[in-house]
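Report on the structure given below.
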Amino acid sequence: NPAAHFLRRQNLWNFQRHKHTMLLQPLWTFILGHSSLLGSPFFPVIFSLSVYLSFCLPFLLLDLLSSRWALIRRYKLQPQSSVSWTSVWRCLVLTLYNHLIFIFPLTVLNWYLRPVQLPEQAPPLARLLAQVLVCLLLFDFQSFTWHLLHHKIPWLYRNFHKLHHSNTSTSALTTEYSGAWETLSLGLFAATNPFLLGCHPLTEMAFFVLNIWLSVEDHCGYDLPWATHRLVPLSLYGGARHHDLHHLKSMYNYAPYFTHWDRLAGTLYFRLDKIHF
């Protein structure tokens with residue numbers, strides 16, 4: 001009976017969809033319990049800063065210990081470099097300044113024009129993972145294009161991107177050591193992609209967390225055994241080594257994460273040994 005067969009398939013599809021949704025429902029229910037915080041205009045800045053600084057903290061601890069422990073120093077991409085507390089403070093102050101003076105007013109405006117709508121149901125896990133990957137690929141392309149233009153056009157580099165390159169040796173807090181234009185434009189890419197894809201708020205949060213982590217890892221200055229680029233086959237993902245080389249050789253490695261755009265543009269540069277001055 002074709003009708004009965006169709007109904008069985010439909011019921012099976014609904015069951016699978018419900019099962020995947022239920023995997024994330026306890027987490028989403030817990031988050032909904034703090035809906036007043038999520039709907040606050042302060043939440044995006046608090047969320048962004050707390051996640052970012054939490055991810056930076058372990059690498060700052062490595063920086064502190066690397067001068068004393070050769071075991072840690074062996075994983076530094078530039079072993080002869082060191083992170084001063086002056087540079088840590090300078091990076092931290094600029095990050096806080098950009099968030100409070102530029103990002104916070106924009107989040108308030110967005111909160112006013114587009115109040116937060118929180119659905120009762122969590123997204124299916126498969127959809128969340130697929131949309132996070134698509135958001136990441138879109139952001140990688142947008143950042144590659146933005147980055148390439150800001151290196152190829154001297155006026156853009158001199159006025160907007162040069163500040164970020166004042167550090168030839170990367171460390172976690174140099175991730176957001178940039179001017180307002182760079183911070184806002186890259187933040188716009190990250191915020192727009194989930195909106196265009198119609199992502200669930202939980203998917204947006206997952207993408208933001210992953211994107212912040214990968215950005216911090218890119219700038220951490222360490223090539224650790226569990227680094228993301230070691231988990232992705234065929235050198236499809238560059239990671240900290242890929243981006244650290246960009247800070248040394250600024251005409252190469254413009255994509256923040258993946259390597260395919262640099263391969264196509266002829267701007268990919270890999271070096272397998274550690275970097276020495």
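Placed from the backbone N, Cα and C atoms, the Cβ positions cover glycine too.
Predicted automatically and left uncurated, TrEMBL annotations should be read as such.
Record features (TrEMBL):
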DOMAIN    132-267  domain 'Fatty acid hydroxylase'
TRANSMEM  21-39  transmembrane segment
TRANSMEM  45-66  transmembrane segment
TRANSMEM  87-108  transmembrane segment
TRANSMEM  128-149  transmembrane segment
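Over the domain 'Fatty acid hydroxylase' (132-267) the predicted model carries a mean pLDDT of 95. Shown for the domain 'Fatty acid hydroxylase' (132-267): DSSP residue counts in helix, strand and coil, namely 98 helix, 3 strand, 35 coil.
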